[in-house]
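Some notes on the structure that comes next.
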Amino acid sequence: MSDTSLEKGNEGPTAEAPKVAPPTVPDGGLQAWLTVAGASVALFVSFGWVNCIALFQSEYQTNQLKGYSSSDVSWITSMEFFFMLSTSPVSGRLFDSYGPHVPIAIGSFLHVFGLMMASLSTKYYQLMLSQSVVSGIGSSLIFTPAMTAPQTWFRQKRGIVGGLTVAGSSLGGVVFPLMVQHLLPQVGFGWTMRICAFMILGLLVFANVTISSNFEHKPRPFSVIHYIGPLRDTNFVLLCVASFFMYWGIFIPFDYIVVEAIHYGMSTQMAWSLVPILNGASFFGRTVPNYIADKAGRFNVMIVMTTLSAILVLALWLPARGNGALITFAALFGITSGAIIGLGPVLIVQISPMSELGYRVGTVLAFAAVGTLTSPPIGGAIAASDGGSYTYTCVFSGVSFLIGTLGLAALRVRLSGWGLTTKI
């Protein structure tokens with residue numbers, strides 16, 4: 001079943017949307033590839049930045065917030081991720097109505113302003129407002145339109161284009177942790193934040209200039225049906241639910257691989273190196289599988305990658321105790337989890353009308369936001385109830401991946417039937 005037929009087949013649930021002539025999709029060209037480059041840079045400074053904020057946990061506990069528990073401090077970093085994803089439906093609706101320039105420009109100001117204010121913050125509420133709320137919402141206004149815009153320029157190459165776009169977040173997840181680790185002891189917290197903010201500002205100038213959309217955007221009056229309409233589409237709801245469980249599973253290793261490694265005897269310095277290893281490997285996970293997906297079918301490759309993620313968690317991370325096993329898991333899980341993040345937007349495009357693409361991407365990310373916010377506390381509570389062991393926390397992650405895989409498999413059957421060799 002082709003992408004074109006799928007797109008046409010999903011116009012039914014959104015009949016209330018304004019009728020716009022379908023744009024010509026060039027599948028290449030200077031403007032299209034500049035959009036991919038700008039979008040990758042935008043994800044570098046938004047999603048890539050959020051990948052490294054856990055490094056501030058020890059800084060806050062030692063200095064600015066030394067009177068607070070580690071659990072209290074962790075809300076600052078987890079809430080930034082939550083705000084980035086949960087406000088994505090609003091970012092997506094702005095994209096659908098005005099194109100990428102308006103939301104990305106507003107987001108650029110908020111993201112940089114939030115980080116600058118965080119550099120001056122000394123109290124809990126100040127850091128929560130500046131880093132979690134203002135910077136988080138700004139990241140959402142950058143992240144969602146940037147991830148969506150390149151998809152309007154391509155049809156046959158959507159997989160690899162989606163992978164190249166989100167690969168920027170992988171590079172950010174490597175560069176920013178290394179920057180922060182080296183800058184904190186040399187220039188202190190304030191100037192570390194300012195240097196990162198100035199770097200982000202410069203890169204966002206490039207993103208604002210280069211990102212464009214191939215779709216005609218028209219402002220729409222507020223209508224409840226525009227917001228609830230996609231949720232009447234069974235295929236879309238299945239993808240939302242599957243995404244929730246996949247993100248429920250993904251963020252357990254992201255959040256606990258370091259503390260679990262230290263718990264089982266790895267040195268602190270080596271344990272922290274697992275973060276750039278995982279993020280570095282995810283670069284390949286967000287590009288190579290996406291290229292294969294354009295040839296073999298995007299749903300097919302996604303289901304394989306979610307299954308492999310479950311196997312890695314349950315068969316490798318769960319019994320792992322030595323340094324070699326944990327490093328191997330970090331690298332391999334970086335590849336499979338990177339593919340899940342990279343292919344996610346491409347699947348949304350495949351079952352959605354272009355006129356609602358931004359909002360639908362944002363809605364799926366909002367479901368994912370609930371997973372990212374709740375899975376770390378649940379995983380921590382499971383470990384605490386098990387005497388500090390992470391055995392059942394790993395099981396929770398692996399089972400979440402399996403449930404997400406079943407949801408994707410059910411959606412694939414609805415779209416193309418039971419044929420295992422069907423490209424879908």
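From the backbone N, Cα and C atoms, a Cβ is placed for every residue, glycine too.
Database features (Swiss-Prot):
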type	residues	note
COMPBIAS	1-10	compositional bias 'Basic and acidic residues'
CARBOHYD	ASN208	N-linked glycosylation site
REGION	1-23	region 'Disordered'
TRANSMEM	36-56	transmembrane segment
TRANSMEM	102-122	transmembrane segment
TRANSMEM	127-147	transmembrane segment
TRANSMEM	160-180	transmembrane segment
TRANSMEM	187-207	transmembrane segment
TRANSMEM	239-259	transmembrane segment
TRANSMEM	265-285	transmembrane segment
TRANSMEM	299-319	transmembrane segment
TRANSMEM	329-349	transmembrane segment
TRANSMEM	364-384	transmembrane segment
TRANSMEM	391-411	transmembrane segment
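The stretch in closest packing with the transmembrane segment (329-349), judged by the count of Cβ pairs under 8 Å and taken from 36-56, 102-122, 127-147, 239-259, 364-384, is 239-259. Here the transmembrane segment (364-384) does not lie next to the transmembrane segment (299-319) in space: the count of CB pairs under 8 Å, restricted to residues six or more apart, is fewer than 3.
Against the transmembrane segment (160-180), the recorded stretches 36-56, 102-122, 239-259 differ in Cβ pairs under 8 Å, and the greatest number is found for 36-56. Within its own chain, the transmembrane segment (36-56) has Cβ neighbours under 8 Å at 76-77, 80-81, 84, 104, 107, 111, 131, 136, 139-140, 142-143, 146-147, 149-150, 153, 161, 164-173, 175-177, 180-181, 196, 199-200, 203-204, 206-211, 255, 275, 279, counting only residues six or more beyond its boundaries. With a threshold of 8 Å between CB atoms, the same-chain residues lying at least 6 positions outside the transmembrane segment (187-207) that come near it are 38-39, 41-42, 44-45, 49, 59, 63-64, 104, 108, 111-112, 115-116, 118-120, 142, 146, 176, 179-180. Tertiary proximity for the transmembrane segment (299-319) is limited to same-chain residues at least six positions away from its ends with a CB under 8 Å from its CB atoms, namely 159, 246, 249-250, 252-253, 257, 285, 289-290, 292-293, 325-326, 328-329, 332-333, 336-337, 339-340, 343-344, 347, 350, 391, 394-395, 397-399, 401-402, 404-405, 408-409, 411-412, 415, 423-424.
Taking Cβ pairs closer than 8 Å, the transmembrane segment (127-147) reaches residues 38-39, 42-43, 45-47, 49-50, 53, 56, 60, 64-65, 75-77, 79-88, 90-92, 94-95, 99-100, 103-104, 106-115, 117-118, 121, 162, 165-166, 204, 207, 211, 345, 358, 361-362, 365 in its own chain, all 6 or more past its ends. For the transmembrane segment (265-285), same-chain residues at least 6 beyond its ends with a Cβ under 8 Å from one of its own Cβ atoms are 51-52, 54-55, 167, 170-171, 173-174, 177-178, 181, 253-254, 257-259, 305, 321, 323, 326-327, 330-339, 341-342.
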